[in-house]
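Annotated in Swiss-Prot:
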TRANSMEM  4-24  transmembrane segment
TRANSMEM  60-80  transmembrane segment
TRANSMEM  88-108  transmembrane segment
TRANSMEM  113-133  transmembrane segment
TRANSMEM  148-168  transmembrane segment
TRANSMEM  251-271  transmembrane segment
TRANSMEM  279-299  transmembrane segment
TRANSMEM  307-327  transmembrane segment
TRANSMEM  351-371  transmembrane segment
TRANSMEM  374-394  transmembrane segment
TRANSMEM  416-436  transmembrane segment
TRANSMEM  439-459  transmembrane segment
Amino acid sequence: MSAFVVAYFPHLCLAFGGLLVLCLSMARSVPAGFYPATAALFAALPGLWAVAGPQGGSPIACFYAGLLSVIALATIALLARYAERRGFAGDALYGLLLWSALGMLLLADADDWIMLAVGLELASLCLYALIAARLDDNLGTEAALKYFLPGAMALAVLLFGMALIYAASGSMEIAASLAAPGPLTAAGLALVLVGVGFKLSLAPVHLWTPDVYQGAPAPVAAFLSSGSKAAAAAALLHVCSEVSPEARELLWPALAVGAGLTMAVGNLGAVAQASVKRLLAYSSIAQMGYILMAAMAVNDGGGEAALFYLAAFALMDLAAFGAVGALSAQIGDRDDIAAYRGLGYVHPWRAGVLAIGLASLAGLPPTAGFVGKFLVFGAALSAGYVGLAAFGIITAVVGVFYALRLLAALYMRESLIAHPAAVYAAGPAGTLALGVMAAGLVGLGLFPQTLLGAIAALFGGA
């Protein structure tokens, strides 16, 4: 087997798997893409761990490659029965999902600016179509446009920043170009961080997030929140690890303000929401503020904390959005908090998964979210960001209220429910995915060293 095939084996599995599924969508009238899409991801899984990346890879890229497979597999499992019951099932969904996952993998693997931009846009273009997958749903079409239009502007800002960095350094490699000090490099890096910050929903470029998450189908919102943000976070961590000390002195104060603003906007915004999907959207914004705080300390021990929190975030968002989809009726997603009253008694298994996801998002023990926040705050304190860490702890306490609000609705007295809420069957694959997510959140909360040891080994081999 050639070196090219070995190096790019995971990418080839996703690329040809997506192509095969799209060809099936044209050749068959009955959707059958679930099985080849799942097979493509399982085929790529050994290579994702064996190959850290096309250029030798980094610990971040190697870790993210494994995480991506879990995110994509869980999304396919959650999407299968959901799309079928809502009348928009088709093989094209799975093909687009595989190609979007390919873009995310390229983004995480990127060692040069061109690959970073290509991966970012490949993932985004497929997500635009997935968000608007149900053509008779005006809310989904509107959400896709609200993601596409500001996304195009963010790409322009990102590319302009890359052009400035290239003009200052003469190199398209991320590490080499950021090593060149100077105001032009710092200006370009600032624009790049704004572009990546849009994908991460960092304040103040976060305004698209609640509308898009509310309009997207719940499993697609789960993939958008966990996969897209994990890919962008991997790129952010890589870039931050290569920034010169001179550029840090110029830009890190602005990043600290952005992290604090993101944590505050996300948690306070979630408290004020009556829509469950908008609540989860604001919660995901807040989580990215914690990731940004860890990214600032990536060279001071924050890298391991960031990767643990990234894995926990992916699991908690998949669990929460997946449970929302599983608790929804055939017509549309159950989105009003009032509609969740007493579902903990009517549908205890699905409500329990949502409760675990919410508890982890709020950082309550014994979940992975609690351990992740503890590690992130510890890394920030060790790096000297005492004020930012203290502010983050305050916002995390505020964030507990939105979780308790929805949890209180879920477990309101059964006697107050006038009519049992009908939901669709999640199917064996969806049920298994929800169970794995919930077990993972509790397992990592009780035994965090299992994942922390693997992450430490990756950094030790860097």
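From the backbone N, Cα and C atoms, a Cβ is placed for every residue, glycine too.
Not measured: the values here are computed from a predicted model.
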- Cβ contacts under 8 Å made by the transmembrane segment (4-24) with residues that lie 6+ beyond its boundaries: 32-33, 36-37, 39-41, 43-44, 47-48, 51, 54, 65, 91-92, 94-99, 101-102, 105-106
- Sort out the residues at least 6 away from either end of the transmembrane segment (307-327), same chain, that have Cβ-Cβ distances under 8 Å to it, and list them. 59-60, 63-64, 67, 70-71, 74-75, 78, 82, 217-219, 221-222, 225-227, 229-230, 233-234, 237, 276-277, 280, 283-284, 287, 290-291, 294, 333-335, 340, 343, 347, 350-351, 353-354, 356-358, 360-361, 367-369, 371-373, 375-376, 421, 423-424, 426, 430, 433-434, 437-438, 440-441, 444, 448, 451-452, 455
- Message: Need a quick answer: max count of Cβ pairs under 8 Å to the transmembrane segment (351-371), which of 113-133, 251-271, 279-299, 439-459 is it?
- Response: 439-459
- Top stretch among 60-80, 113-133, 251-271, 374-394 for CB pairs under 8 A with the transmembrane segment (439-459)? 60-80
- Task: Six or more residues out from either end of the transmembrane segment (374-394), which same-chain residues have a Cβ under 8 Å from its Cβ atoms?
- Result: 256, 259-260, 263-264, 289-291, 293-294, 296-297, 300-302, 304-306, 308-309
